[in-house]
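According to Swiss-Prot:
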type	residues	note
REGION	1-125	region 'Unknown'
REGION	63-85	region 'Disordered'
REGION	126-349	region 'Thiamine-phosphate synthase'
BINDING	Gln177, His178, Arg179, Cys180, Lys181, Asn209, Ser248, Lys277	4-amino-2-methyl-5-(diphosphooxymethyl)pyrimidine binding site
BINDING	Asp210, Asp229	Mg(2+) binding site
Amino acid sequence: MGCESSLDPRVARLIDANLDRAREGLRVVEDWCRFGLERDDLVISLKDWRQRLGKLHQERYKRARSTVTDPGAGMEHPAQLDRHSPRQVVEANCGRVQEALRVLEEYGRNVDAPLSAEAAAIRYGLYDLEVTCLTATSGNNRRNRLQDCQLCLITSPCPDLVDRVKTALRSGVAMVQHRCKSGSDLERLAEARTLAALCRDHGALLIINDRIDLALAVDADGVHLGQDDLPTDVARGLIGPGRLLGRSTHSLNQVAEAHREDCDYLGLGPVNNTAVKPERPAIGAALVGEALAITHKPVFAIGGISQANLDALMAVGCRRVAVIGAIMGSDNPEKASQNLLSSLSRPTL
């Protein structure tokens with residue numbers, strides 16, 4: 001009774017307000033983890049934290065509530081209106097909850113020790129969960145963008161590589177796979193950084209071929225691996241869940257295996273004979289059609305693909321291709337990019 005009567009009503013009001021703030025913010029993040037990420041593990045933690053705070057939301061705090069006399073009620077900051085993506089909403093609400101929990105921890109220390117201790121424990125737990133949630137959100141965003149990609153430009157060494165990529169991006173290409181096979185690591189890093197900046201400026205995905213270290217160094221959207229590169233589980237452990245992982249395939253068995261693994265997309269080919277991989281026999285367009293029937297993951301046909309032979313792939317339902325020479329070797333990379341994109345976006349008859 002002494003604690004009840006000695007509680008400063010102003011402290012009771014701010015504890016009530018911050019309990020509301022923390023629980024509401026946790027619910028905002030929880031719903032994104034539930035509906036946006038479909039991460040049961042995160043939802044369970046967030047729901048548990050909400051309920052633990054709810055049990056500590058005593059009647060004496062609620063009785064002190066006075067929204068009418070609260071000078072901060074209804075106040076907005078311009079930053080609150082500048083949230084245009086789920087990631088920004090999650091970041092803002094995690095920050096909101098962390099601040100509220102710190103207030104509860106500090107003001108509750110002398111009037112409600114259990115609340116203070118619980119607020120501290122949840123705050124530290126949220127620091128880690130926020131990182132996990134934002135990483136998963138980045139991966140979710142990248143995977144959504146991947147679904148919209150129809151044309152992937154694979155680079156090949158040439159004096160005007162950056163200019164050609166820039167032209168392709170301006171023409172609507174939304175995915176670039178950088179093959180960094182020549183030069184020193186310092187030169188490769190510099191080139192990858194330039195391409196990463198270009199892709200960010202144009203809202204395009206940048207995938208680094210083979211080199212996980214370079215992909216991480218330039219904060220690329222993902223990495224593409226061949227059949228003889230690191231196993232998928234090892235690669236995923238290195239790049240984390242927030243980046244894309246592609247795998248080259250050359251047969252239906254390899255497609256089926258990649259489908260079962262934690263890959264985000266597949267490259268399948270060579271569809272036609274190609275100077276890049278002359279030792280590999282062409283698999284033909286028909287096999288691409290068969291592959292599309294056994295996986296829901298995006299499949300990019302690759303290998304000697306050009307405007308001249310694109311119809312054969314489209315006839316079997318293929319709407320995603322990866323090209324090298326068709327753009328990198330074209331006299332007019334802008335027109336080549338636009339023509340390929342126009343053909344790939346034609347409605348199915």
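Cβ from N, Cα, C; glycine included.
Features as recorded by Swiss-Prot, highlighted on the structure.
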| residue | record | contacts (Cβ under 8 Å, 6+ apart) |
| --- | --- | --- |
| Gln177 | 4-amino-2-methyl-5-(diphosphooxymethyl)pyrimidine binding site | Cys152, Leu153, Ile154, Thr155, Ile207, Ile208, Asn209, His224, Gly246, Ala322 |
| His178 | 4-amino-2-methyl-5-(diphosphooxymethyl)pyrimidine binding site | Ile154, Thr155, Glu191, Ala192, Leu195, Leu206, Ile207, Ile208, Asn209, Ala220 |
| Arg179 | 4-amino-2-methyl-5-(diphosphooxymethyl)pyrimidine binding site | Ile154, Thr155, Ser156, Asn209, Asp210 |
| Cys180 | 4-amino-2-methyl-5-(diphosphooxymethyl)pyrimidine binding site | Arg188, Glu191, Ala192, Ile208, Asn209, Asp210, Arg211, Leu214 |
| Lys181 | 4-amino-2-methyl-5-(diphosphooxymethyl)pyrimidine binding site | Pro157 |
| Asp229 | Mg(2+) binding site | Asp210, Ala235 |
| Ser248 | 4-amino-2-methyl-5-(diphosphooxymethyl)pyrimidine binding site | His224, Leu225, Gly226, Gln227, Leu266, Gly267, Leu268, Gly269, Ile302 |
| Lys277 | 4-amino-2-methyl-5-(diphosphooxymethyl)pyrimidine binding site | Pro270, Gly303 |
#### Entry: Among Gln177, His178, Arg179, Cys180, Lys181, Asn209, Ser248, Lys277, the record's 4-amino-2-methyl-5-(diphosphooxymethyl)pyrimidine binders - longest CA distance, Å
17
### Query
Can you check what DSSP calls Lys181 (4-amino-2-methyl-5-(diphosphooxymethyl)pyrimidine binding site), collapsed to helix, strand or coil?
coil
### Query
With DSSP helix as H/G/I and strand as E/B, how many residues of the region 'Unknown' (1-125) fall in helix, strand and coil?
94 helix, 0 strand, 31 coil
